Amino acid sequence: MNLLPNIESPVTRQEKMATVWDEAEQDGIGEEVLKMSTEEIIQRTRLLDSEIKIMKSEVLRVTHELQAMKDKIKENSEKIKVNKTLPYLVSNVIELLDVDPNDQEEDGANIDLDSQRKGKCAVIKTSTRQTYFLPVIGLVDAEKLKPGDLVGVNKDSYLILETLPTEYDSRVKAMEVDERPTEQYSDIGGLDKQIQELVEAIVLPMNHKEKFENLGIQPPKGVLMYGPPGTGKTLLARACAAQTKATFLKLAGPQLVQMFIGDGAKLVRDAFALAKEKAPSIIFIDELDAIGTKRFDSEKAGDREVQRTMLELLNQLDGFQPNTQVKVIAATNRVDILDPALLRSGRLDRKIEFPMPNEEARARIMQIHSRKMNVSPDVNYEELARCTDDFNGAQCKAVCVEAGMIALRRGATELTHEDYMEGILEVQAKKKANLQYYA
């Protein structure tokens, strides 16, 4: 039993030695190292120890440098944070330049580091009306900047710290309709054809664009609604704004007539720029005849300014860069005095006429405005419609209001047919009376 370990131990020792030799060969230890004397191996070991110490000191130095760089980065980040919290100086980007310096400096010549930078540089104009060249743009990526952008810069170094949102005139921002109107197409009587034409030209291209793409047709850019006063042009525009999810901007023609030269044209530009930013959007211009009259020779500066405002409107309607996501709805009572350039195809493509309501339409209008009232069952709307000849939609609504006031005056709980007849007489008296006042 005791002989087995003595027999196996030499074999095991040889295997271990073979393993050591294999590892030595794998580790790249040459035969010359194995043939070295003890003193040489001790000397080699001391050399390796010294190299290890040198490498450790190098690692320690690199670690210190890394920590110093981290501290510097932290300090710079805090400086940037402090600078960014300061009030910005508002500026506009005038131009972006590509800088590629030529290496033609003589040996020993002084070299300006700013002049040797490569990449993008910027020219800005501050709100203090000063222009600066920035060899280093700042914290904003140069690829995200374009001429005309509004930026915030440091008031001392003028480095660009942040891009600011586009500035629009406060009057243009007030034109945006925040609260949706409550009118619906069912609240409009006698204008079924006009509603269909408006939906086809404005609503369908926004909600179902693929239908036009499948047919290969281009939808109309704008709609002109014209007709006598009180026929429902503005009411239909409010219903269109309520039924679409697009941004709705309401302009009035007299708003665009300003005292200072170029102010009206700037309002038009800002309105269309805001509409493009918030596309899809609808611009409704009421009383277009205030600025869209035919051009004529005039020596008055006011007339020329109105014509310049109309020219800017023409350019925005059919400019060099058309936008299919912005639709224009214009309304006017005097289509006969509009400039032919506004009426041509390509600007206000579809013209929708709003005629005076016929007998059936007048009956429908009075039914719509009376549906929330306590009306007696004996009210005959067809007879009322026959009695309201030459009434427009607004006057038919006024008849319902007057009938309600008459019923309220006599303390009734419901409106009768006679109340409506008296209301018709009241509206006719207001319509036909010719009052003259004497001092």
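Glycine too: its Cβ is placed from the backbone N, Cα and C atoms.
Look at Swiss-Prot and you will find Met1 tagged as N-acetylmethionine.
Under the heading phosphoserine, Swiss-Prot lists Ser9 (among others), citing a large-scale study or a structure entry as support.
Swiss-Prot lists Gly227, Pro228, Pro229, Gly230, Thr231, Gly232, Lys233, Thr234 with the feature ATP binding site, giving sequence analysis as the kind of evidence. Its Cβ placed at the centre, Pro228 (ATP binding site) has 12 other Cβ atoms within 10 Å.
Cβ-based neighbour count (10 Å, all protein chains) for Ser376 (phosphoserine) stands at 15. Taken from Swiss-Prot, the feature phosphoserine covers Ser376 (among others).
Set side by side, the binding-site residues Gly227, Pro229 differ in how many other CB atoms lie within 10 angstroms of their CB, and the most is found at Gly227. Note on Thr231 (ATP binding site): other Cβ atoms within 10 Å of its Cβ, all shown chains, come to 24. The CA atom of Gly232 (ATP binding site) is located 27 Å away from the CA atom of Ser376 (phosphoserine). Sequence-distant contacts (6 or more apart, same chain, Cβ under 8 Å) of Thr234 (ATP binding site) comprise Asp286, Ala331.
Around the Cβ of Lys233 (ATP binding site), a 10 Å sphere holds 25 further Cβ atoms from the protein chains shown.
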